[in-house]
């Protein structure tokens, strides 16, 4: 495995550098100046045998401080050799691992750069022991915090150029949920990314720490909140990925008042599990599936970075989304792969070694996170007198300024620094006052750089362009002001009588969307043709027929000589009372003498209602009038009205509607 071709390795590094270079830059202005690459450093730690009495031979053997060999499962006569940045055997101590791999990267935090330490390996390989350790043998996390706090105290002492502060956050990723271990009640948190590509977690608790006692006060209770469970291979198996985030902020005490921010990620990954050996069931099986899925996505990210693919699947898992800065990002990364020596863990050991071999090909590009402090960039607060004076200057027109006997004098302290901008006589007074106040502030605080107003040519041109745009806006506002004043003078010059006679000015209503109200639908009654022919000669009756022309319907009067009128909203047409009485009598006869089959010929009467009518007639006797139909159970007043509408006209014309 260590006999890889140099040309192939070089192509992988070049592809990774090309794909991941621009993503980790702090701003677009630094695209041309890419930071130098830094490869992910990989160390392998071999834990001792858990049970020496068991008949299980070792499958891994260390060769030197950087290489090891493992038996080849395809051919037992051969061995597979791996070479890494460091190899720690069974007898290595916690101090050896920390001093050899982790301690050298702490200095980068004081330079405003990021660093990360990841513990990877199968379940039961000793990842949590490497990161946390025990009171007798502390691991990477307590040792790193102790040294980091000591460094910050030394560098941030009185008289030094920088003031330092340290904060900590502790979280776990349990079944694709980001949980705050310092505040467990906060619930699932979201992972965001700012405009510079930095990964953020809004709502994550940050605790300031000054000494190691402060760290223990917050860290030990939070560690008990982490999700653990018992399996066949480990009585306290980690069921989540734990991430300790330590942030170091630096503020410069003297000009130019820069600030730096470095982050340290200490990550204890949950181990991959073979459910056939762990015996996971129920909740443990679900947890194991989430762990294996996130580790599988982690392997896909490493492969995509090595192959130089255009898309790296960081967003496929919460774990890889959080490790975006550690793999292919801007951090100095250390991967500690923990493996087991027993032959029964052979497949897990080979898988971990292959992942570690691929990870050492990943290229990161660390850079310094540096910016100016916010109070330097904040706008200068002018006093009330200065604001009133600048407002009065803007209110006066150019004629008043030209006729004024005393022109406004510029501050004497800035007369020498006004060289490149003295020609800009039309500058906005408020903007000029702010520039001068900021320049005086920087001069009083001992700025050794170039004065603010003596900017280079490119920045000066940008400033002049901004000033010209402001001048154009002021001129347009002055023109509008003159137009309004002219209108006001014209209104004042009007005759008082005309003012009295003139109607009061009304405000123009706001333009609104026109709302169309639907017209009420006209109602038409379908009548038999014989009834229409009988009533057509009647001069007092006006009956409309609904004719269809294309897709529109129009009401036309049968009497061409009479004008068209709106149809009445009532349902009964204007016919003689004799015909209506005749129709009602026929319906009454059918209700009293007809069978259920005859009743079904009526409109609005089905099988059920016909049987109800016959049953009521047998119990209570014949109907005295048509309106007695409402007394039948199941027939309401509305149904009675629709029944009369549908049937009485047909019977009045001598043709039953159901026939």
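Cβ from N, Cα, C; glycine included.
Feature annotation from TrEMBL assigns ATP binding site to 121, 122, 123, 124, 125, 126, 127, 128. Summarising the annotation, TrEMBL assigns domain 'Kinesin motor' to 39-362. The region 'Disordered' annotation in TrEMBL covers 1-36, 389-420.
Distribution of TrEMBL features across the structure.
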{"residue": "121", "record": "ATP binding site", "Cβ contacts under 8 Å, 6 or more apart": "127, 269, 271, 337, 338, 339, 348, 352"}
{"residue": "122", "record": "ATP binding site", "Cβ contacts under 8 Å, 6 or more apart": "271, 272, 273, 339, 340, 345, 348, 349, 351, 352"}
{"residue": "123", "record": "ATP binding site", "Cβ contacts under 8 Å, 6 or more apart": "231, 233, 234, 237, 270, 271, 272, 273, 278"}
{"residue": "124", "record": "ATP binding site", "Cβ contacts under 8 Å, 6 or more apart": "50, 233, 234, 237, 271, 340, 345"}
{"residue": "125", "record": "ATP binding site", "Cβ contacts under 8 Å, 6 or more apart": "47, 271, 338, 339, 340, 345, 348, 352"}
{"residue": "126", "record": "ATP binding site", "Cβ contacts under 8 Å, 6 or more apart": "45, 47, 338, 340"}
{"residue": "128", "record": "ATP binding site", "Cβ contacts under 8 Å, 6 or more apart": "119, 236, 238, 268"}
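The record gives 121, 122, 123, 124, 125, 126, 127, 128 for ATP. Within 8 Å of the mean position of their Cβ atoms, the other Cβ atoms in that chain belong to 47, 234, 271, 338, 340. When pLDDT values are averaged over the domain 'Kinesin motor' (39-362), the model yields 90.
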